[in-house]
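TrEMBL has this to say about the protein:
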type: TRANSMEM; residues: 20-41; note: transmembrane segment
type: TRANSMEM; residues: 47-69; note: transmembrane segment
type: TRANSMEM; residues: 81-100; note: transmembrane segment
type: TRANSMEM; residues: 106-133; note: transmembrane segment
type: TRANSMEM; residues: 145-164; note: transmembrane segment
type: TRANSMEM; residues: 170-194; note: transmembrane segment
type: TRANSMEM; residues: 215-242; note: transmembrane segment
type: TRANSMEM; residues: 248-272; note: transmembrane segment
type: TRANSMEM; residues: 284-302; note: transmembrane segment
type: TRANSMEM; residues: 308-327; note: transmembrane segment
type: TRANSMEM; residues: 348-372; note: transmembrane segment
type: TRANSMEM; residues: 378-395; note: transmembrane segment
Amino acid sequence: MDRWKTRFGFPETQGAHGFLLVLIIDALGSGMYLPLSILYFQITSGFSLPAIGLTLTIATICTLPLTLLTGSLVDRLGARNIVASSQFIQCLGLSGYLFVHTIPSLFTMALLVTGGARMFYAAHTVLIVEIAVPTQRDRWYGLSGAIRSVGIAIGSFLVGLVLTTKDPDIYRLLIAFSALCYLAAGGLLLRLVNPRYKKTKQAKQARSETVLKDRVFLILLISNTTFPLCALMLGTALPIYLPQGLHAPAWILGPLLIFSSLLTISCQTLVVRVLEPHRRTRTIGIAALTWCISCNLFVLALCIPGTLIFPYLLLVVGLHTLASLIYTPTASSLVAELGGPNRRGRYLATYEFSWGVANALVPVLFTTLYAITPALPWLILAIMSVISGLTTLWLERQLPAQAVRITR
């Protein structure tokens, strides 16, 4: 591996450039679509925001079980086939968006798009395991997260330009381009040779209930549900907490979110490299401590003078983002090792399911606690982070050695 790759935490990509290109194209497609997911229908179809939000939420909830089903499909059919299928399904759904004029048609196409996304997130984590050198899985997960952040940043920039116009055709053009990205990514993926570390011999398939019988994994999964809540809370809470709770100027929200994205893009692989020598459970404990500190600092922001609020929030958002950079690739690698080669799809899909549950809970959790007092959501998350971090450390001795530490 080149010296600069080692220094900045990039994985060895020799023989995997095609798969890397697939991740880049897919991230660009996601980046184009996600920022427009609600606004597009308001502009092109004239639906009200409550109707759009309710329809998309119901579609999202309906597709949650698909994540668990995908795990079994990955173990039987292989990650590459499922990832490509998910991209084709998202392409079909986004193409259907171009012809949506009724709420039922919106719901149908949203089912395809969200269902394809569920399948992708559950399967692509296994695909990375099959691509990566076993000792560099953490780096590949970090690189994948950085690539996705770049795609979303590019998409957000283009959407910002589009917001200056109300021309529905420009919105349709971006959605069509996003659909083409998914089509290209899926087609390219199927044309590539099999991943380097794909299991070639099908072992006897583990029964579906095996995951549910793994007591240690279930405790780890339940305790770690706190961390997706922390990671997702930032984007949900800040648009309300800043102007209403802190009475901060509205203009600071954009720079704070951009700063968070830039940290992810520029520092994710470097953070992984720094943490590689340490046990994954200890790394998750560090992430828990960092989230606990950042959540408490969000509470203290209520006492910060207005003249200092922007630099103070830059620090807090930076800490909160750093915790995500520490946790996300580490947890994915830990779960991948726990599953082993024959159950990896089920284990990673169950882990991704916890993110889906957290995504559904965050709006309700925040709004309910915020209605009591603005500081309460952050205080609850701080307490939950400590409990979850200590639980992970307590489980360390019960986890396999190869899952806890990278073996070279």
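Note: Cβ is positioned from N, Cα and C throughout, glycine not excepted.
Between the transmembrane segment (145-164) and the transmembrane segment (348-372) there are fewer than 3 Cβ pairs closer than 8 Å, counting only residues 6 or more apart in sequence, so the two stretches are not in contact. Counting Cβ pairs closer than 8 Å and at least 6 residues apart in sequence, the transmembrane segment (215-242) and the transmembrane segment (378-395) reach three or more and so form a contact. Within the chain, the transmembrane segment (308-327) has long-range Cβ neighbours (under 8 A, six or more residues past its boundaries) at 142, 145, 227, 230-231, 234, 238, 242, 246, 248, 252, 255-256, 259-260, 263-264, 267-268, 271, 275, 283-284, 286-288, 290-291, 293-295, 297-298, 301.
Contact between the transmembrane segment (378-395) and the transmembrane segment (284-302) is supported by 3 or more Cβ pairs under 8 Å, counting only residues 6 or more apart in sequence. It is 106-133 that, among the stretches 20-41, 106-133, 348-372, forms the most Cβ pairs under 8 Å with the transmembrane segment (47-69). Panel annotation: around the transmembrane segment (20-41), residues 13, 47, 49, 52-53, 56, 87, 90, 94, 97, 100, 106, 113, 120, 124, 144, 147-148, 150-156, 158-159, 162-163, 171, 174-175, 177-182, 184-185, 188-189, 192 of the same chain, lying at least six beyond its termini, place a Cβ under 8 Å from a Cβ of the stretch.
Here the transmembrane segment (248-272) has Cβ contacts under 8 Å with residues 8-10, 138-139, 141-143, 145-146, 149-150, 152-153, 156, 234-235, 238-239, 242, 306, 309-310, 313-314, 317-318, 320-322, 324-326, 329-330 of the same chain, all six or more residues outside its ends.
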